[in-house]
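Novice: The structure under discussion is supplied below as structure tokens; questions concerning it will follow.
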């Protein structure tokens, strides 16, 4: 839709260099908007200077030079891609962002679907049909500059947004409010300025620059003393958790741990034509019954279609060299994108059926061999989550045993009373654990390290 840009100037004496960097950001931001661009600068005394034009800044760069001076404090800017629903044939300056109110200046990326309703509810008048133009008069009339009050106003907006807001009465600060629309922040210590824009690529930052992605569903206030205040737009507390459960040690301990912490959990199990499908299914059913929690099963042929893994029936032999140590140290039984697919399905179910979070048995031990067991996989998926769910339906991603190795998981499981005796860890689907695959090796060693007898039986 658009790219939003903002700058909070800490060292006004560097205004010429800051101006050059701003222009470069706006030129790169044409990636998200080529129909018009605008820049409004708030001076120390609250007065403003502005430039607005149709088309691209790269073809009209000369209009931007000289917009800053030694008294400039806050810059609010926009590169607009005009959506079909807001096409204006004969545009005037009033149709070009940023929009200016008596006190507040606003640049907006997104769509406000209920702009007409907001206009009536707050009894305000805007000067253009553009949806974003309804925001400054509402803020002028109802917002006192405190982010807690801004939250109440933003909760009335139906749609998507990333706002960057300047305050003429307090030109020593800048505000950023967003749901799932992205905003990045970069502090340029050398220039003495804090830059904000829609994608980090627009900064052209070096490896040593401080670049931060601001959290979705948050409001951030930054002042020129380098103080940051932040609140969350959503007050949702985590109560219901959907746990991806294989029937093995890790997910069983993870589920039990969450249950003991007071969460309402449901187990989610996938049957995907893997060698141990029947044994895992039997195990997870008994575990759900033991913990007295619901179980959701999903049967899928997807991995049979993908193939290229020995973990599936008919897929080849499981590696059992060195009594299983070889399988514990390398991902011989890798299943392409399995955890990503499991997590994506879990996320969809969580959103659809009102779960607050998803979790699994991903752990530090298996991260040594499997990329999708790495803690970073979970962290990155958690960051993806707000962009994969509907507006205001944020689903958290938890990893209860993500920082534990196998013997620590066994120790925790014993301490919290997890039904370890019901679990199935083996890659094979025999009557007993084979004792020679990677998971069997790790399981046996984990119990041995803890000085405990493993409650399951092995063939050897």
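Cβ coordinates are placed from backbone N, Cα and C, and glycine is handled just like the others.
Relevant sequence annotations retrieved from Swiss-Prot are reproduced here:
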ACT_SITE  2  active site, for GATase activity
BINDING   245, 246, 247, 248, 249, 250, 251, 252, 253, 254, 255  ATP binding site
BINDING   426, 434, 437, 440  Zn(2+) binding site
DOMAIN    2-225  domain 'Glutamine amidotransferase type-2'
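I would like each feature placed in context: is it buried or exposed, what are its neighbours, and how far apart are things?
Specialist: For residue 2 (active site, for GATase activity), the Cβ neighbour count at a 10 Å cut-off comes to 25, with all displayed protein chains included. Annotation note: residue 2 (active site, for GATase activity) sits in a strand segment as assigned by DSSP.
Other C-beta atoms found within 10 angstroms of the C-beta of residue 247 (ATP binding site) number 23, with every protein chain shown included.
DSSP assigns residue 434 (Zn(2+) binding site) to coil in the three-state reduction, placing it in neither a helix nor a strand.
Averaged across the domain 'Glutamine amidotransferase type-2' (2-225), the predicted model reaches a pLDDT of 96.
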Novice: Find, among the binding-site residues listed as 245, 426, the one whose Cβ has the highest number of other Cβ atoms within 10 Å in the structure shown.
Specialist: 245
Novice: In DSSP terms, helix, strand or coil for residue 249 (ATP binding site)?
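Specialist: It is helical.
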Novice: Which of these binding-site residues is closest to residue 426 (Zn(2+) binding site) if you go by CA atoms: 249, 251, 255?
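Specialist: Checking each of 249, 251, 255 against residue 426 (Zn(2+) binding site), the shortest Cα distance is to 249.
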Novice: For residue 434 (Zn(2+) binding site) and residue 251 (ATP binding site), what Cα-Cα distance in Å is obtained after rounding to a whole number?
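Specialist: On Cα coordinates alone, these residues lie 20 Å apart.
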Novice: Test of understanding: give the count of other CB atoms lying within 10 angstroms of the CB of residue 253 (ATP binding site).
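Specialist: Excluding its own Cβ, the number within 10 Å is 28.
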Novice: When you measure from the Cβ of residue 249 (ATP binding site), how many other Cβ atoms are you left with inside 10 Å?
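Specialist: Looking across every protein chain shown, the total is 27.
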Novice: Residues with Cβ closer than 8 Å to the Cβ of residue 255 (ATP binding site), same chain and 6+ apart in sequence?
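Specialist: Set apart from residue 255 (ATP binding site) by at least 6 residues yet with Cβ under 8 Å, we have 243, 245, 265, 267, 287, 291, 293, 359, 418.
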